[in-house]
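Lifted from Swiss-Prot, the feature list:
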type	residues	note
BINDING	9, 10, 11, 12, 13, 32, 40, 41, 61, 62	FAD binding site
BINDING	60, 61, 195, 196, 197, 198	NADP(+) binding site
MOD_RES	401	phosphoserine
TRANSMEM	512-532	transmembrane segment
């Protein structure tokens with residue numbers, strides 16, 4: 001084996017990192033503080049300190065063809081959007097098939113990660129771990145941090161005057177597990193993210209009244225998109241990205257808002273974002289609009305102040321006799337085992353080159369995997385991040401100078417503020433980011449060449465969903481089954497829905513979809529030109 005690599009965390013990022021190390025002949029050792037793999041997706045009856053926590057009813061927001069490991073498709077009969085237990089089943093099968101479990105030390109807490117005295121020459125790290133009360137130290141050639149960012153809850157109590165006076169229950173959404181104990185209660189959920197909306201709509205079936213308080217609003221998308229197909233297989237395409245980047249900003253913004261409002265007018269539901277043209281990550285919830293229509297969930301602005309039993313909103317209205325306040329206010333980014341001078345985290349801004357590498361290390365032997373967020377699935381993103389990180393650790397790929405990396409970070413930060421706003425500085429565009437990472441290791445598909453040599457595949461790659469298999473067509477880790485997986489991805493999408501024979505399942509009409517995408521912006525341009 002080659003260099004020794006420490007991997008912190010055995011969620012999907014950690015598993016991708018173990019596999020990438022093995023593919024490139026490195027020696028991985030993964031430290032996992034719990035007794036099982038899965039990280040965020042491993043449900044527990046109680047929230048555990050230092051570990052991500054989910055509620056019992058969590059389903060994926062990405063469909064199975066878009067969120068698999070790129071050389072390991074889900075079984076045909078798996079549903080397109082999975083319950084957390086189903087995804088955990090897939091993760092377990094993957095880890096066993098790839099023989100990853102033997103590289104994981106369970107129930108092991110990483111206490112500290114420090115540079116060795118000769119780090120500027122060796123690039124090595126001293127890592128102290130603890131298991132069953134016993135501490136041990138070991139030296140590693142590199143470290144991959146895969147501990148996630150849904151661990152340390154953000155509870156902005158100072159932003160809500162009077163909260164300490166409130167006599168009802170008050171807790172972060174990570175503590176929420178199931179709705180039974182809220183029967184007949186009056187509940188205020190603060191935050192309009194995925195967790196806040198999921199919890200609110202679930203509670204609406206048992207609670208007396210549920211209100212969501214939102215500071216800035218949000219786009220709300222459905223998992224069910226055009227003609228009933230999974231949203232991401234229709235929305236996340238290279239062609240759509242090409243249009244977005246090619247059209248004038250005014251046209252691109254208009255088209256984006258039209259897509260977001262296709263299901264319902266957000267203004268009518270009190271959900272409209274303050275700046276609707278920002279590409280902030282939308283909320284995925286199939287129930288919320290219906291709950292608002294039925295009156296079981298109401299949307300209110302930010303809370304101005306609390307009293308002993310009530311919440312006063314910024315519009316002057318009051319929600320009285322509150323039994324419980326649930327803060328779905330996200331998480332803070334922290335690495336308690338690491339000197340903060342290596343990875344700085346302040347005001348949601350972190351200093352990482354491409355969201356992965358600390359730029360000022362003398363040796364590029366540390367990487368953060370799975371930190372970046374995008375309107376795309378986590379698993380393929382972490383897989384590609386890990387593949388590049390391992391190539392850098394091996395020395396096969398090199399990083400730019402510190403100056404160039406810092407300039408890139410500053411440039412990307414400006415772009416992110418423009419597209420996503422101040423609260424989403426870890427967010428990025430999915431396809432652009434994936435292509436950038438893939439180009440570093442020679443895994444980016446050559447679209448023009450594909451049109452010349454394999455037009456059938458090229459059409460699916462460019463106009464169809466940008467599925468993970470595309471990034472295993474070429475380069476290190478190339479998968480011989482990638483081409484067939486791309487050409488059969490719609491078959492696997494339709495298979496679990498074929499539970500009653502009513503004719504042949506229909507794949508999407510790509511031509512009709514493309515016409516819809518292309519013609520409307522053209523018509524808008526024509527009308528715009530006619531009016532000036």
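Backbone N, Cα and C define each Cβ position, glycine as well.
Annotated features taken from Swiss-Prot, shown on the structure.
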{"residue": "9", "record": "FAD binding site", "DSSP (3 states)": "coil"}
{"residue": "40", "record": "FAD binding site", "DSSP (3 states)": "helix"}
{"residue": "60", "record": "NADP(+) binding site", "DSSP (3 states)": "coil"}
{"residue": "195", "record": "NADP(+) binding site", "DSSP (3 states)": "helix"}
Nearest to residue 196 (NADP(+) binding site) in three-dimensional space, by Cα, is which of the recorded positions 9, 11, 401?
11
Same chain, 6+ residues apart, C-beta under 8 Å of the C-beta of residue 40 (FAD binding site), given in sequence order:
11, 12, 52, 54, 148, 150
Restricting to the chain of residue 13 (FAD binding site) and a gap of 6 or more, list residues whose Cβ falls under 8 Å of its Cβ, or answer none.
39, 146, 148, 369, 370, 378, 382, 385, 386
Tell me which residues of the chain lie with their Cβ under 8 angstroms from that of residue 61 (FAD binding site), as long as they are six or more apart in sequence?
81, 194, 223, 284
May I ask which residues of the same chain, at least 6 positions away in sequence, place their Cβ under 8 angstroms from the Cβ of residue 198 (NADP(+) binding site)?
55, 57, 58, 285
If you count other Cβ atoms within 10 Å of each one's Cβ, which of the recorded positions 60, 401 has the most?
60
